[in-house]
Structure formats: C-alpha cells, structure tokens
Amino acid sequence: MRFCPKCGSFLKVKGNKMVCSKCGYSDHDVEKVILKENVAHENDKTIIADGETIEGRVAISLCPRCGSVRAILLNKKKRLYRCMTCNFVYNI
C-alpha cells in the first residue's frame with residue numbers, strides 16, 4: 001500500500017502509474033507494486049492430482065513457482081493454496 005507524499009491519501013493504480021484521486025499526484029514507479037484483489041470463489045470442487053483427492057475452492061492466486069493464476073484454496077484461515085498447474089503448495 002502506498003500513500004501520496006503530497007496529501008497522504010491512498011494511491012490507486014491506473015494503467016502503468018499510481019495516481020492520487022485527491023490531489024492528482026502521479027508516480028510512474030509501479031513495477032514494485034503487487035496488486036491483490038478479492039475474487040468470488042466458485043463452489044467447492046473435488047480435484048484429483050497425482051492420485052490424491054484434494055477438496056477446496058478454485059481460486060485466483062499467483063503461484064510463486066510457475067506463475068499460474070489457478071489454485072485450490074486448501075485452508076482459508078492460513079491462506080494455503082495448491083497450484084493447479086504444478087501442484088506447488090504455498091501461502092500468501
């Protein structure tokens with residue numbers, strides 16, 4: 001989360017820059033920004049991977065190993081995911 005150096009408001013990402021909606025300040029240094037957004041999860045699904053049954057919700061989460069955005073939410077409280085492409089288990 002980044003804040004405007006002029007007025008202290010939250011900076012929003014617009015295209016390839018960050019913009020303050022209050023005073024209009026813009027910053028082109030967005031390569032360090034990680035965007036997260038809430039996604040409505042699909043209904044629970046059962047997935048079979050490598051002969052192992054995995055139950056969970058299909059979610060959009062970036063896998064740190066292969067870069068895929070499809071994952072199974074294994075544990076919501078611990079934010080534990082399993083990548084649907086490479087089966088890597090990670091948390092965010």
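For all residues, glycine too, the Cβ spot is worked out from N, Cα and C.
Keep in mind the model is a prediction, meaning the values are calculated, not measured.
Copied over from Swiss-Prot:
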type	residues	note
ACT_SITE	Lys76	active site
ACT_SITE	Lys77	active site
ACT_SITE	Lys78	active site
BINDING	Cys4, Cys7, Cys20, Cys23	Zn(2+) 1 binding site
BINDING	Cys63, Cys66, Cys83, Cys86	Zn(2+) 2 binding site
REGION	1-31	region 'ZR-N'
REGION	32-56	region 'Flexible linker'
REGION	55-92	region 'ZR-C'
Quiz prompt | Per-residue Cβ crowding (10 Å cut-off), top of binding-site residues Cys7, Cys23, Cys63 | solution = Cys63
Quiz item: Which chain neighbours of the Zn(2+) 2 site, leaving out Cys63, Cys66, Cys83, Cys86, have a Cβ atom within 8 Å of the mean position of the site's Cβ atoms?
Solution: Pro64, Arg65, Gly67, Ser68, Ala71, Met84, Thr85, Asn87, Phe88
Quiz item: Does anything in the same chain, at least 6 positions from Cys86 (Zn(2+) 2 binding site), have a Cβ under 8 Å from its Cβ, and if so what?
Solution: Cys63, Arg65, Cys66, Ser68
Quiz prompt | Model confidence over the region 'Flexible linker' (32-56) (mean pLDDT, whole number) | solution = 58
Quiz item: Distance between Cys23 (Zn(2+) 1 binding site) and Cys83 (Zn(2+) 2 binding site) at the Cα atoms, whole Å?
Solution: 41
Quiz item: What is the separation, in Å, between the Cα atoms of Lys77 (active site) and Cys83 (Zn(2+) 2 binding site)?
Solution: 17
Quiz item: If you measure Lys78 (active site) to Cys7 (Zn(2+) 1 binding site) at Cα, how many Å is it?
Solution: 35
Quiz item: Should Lys76 (active site) be counted as helix, strand, or coil on the basis of DSSP?
Solution: coil
Self-check item: Cβ neighbour count (within 10 Å, all chains shown) around Lys76 (active site)
Solution: 11
Practice problem: Please report how many Å separate the Cα atom of Cys7 (Zn(2+) 1 binding site) from that of Lys76 (active site), as a whole number. | Solution: 36
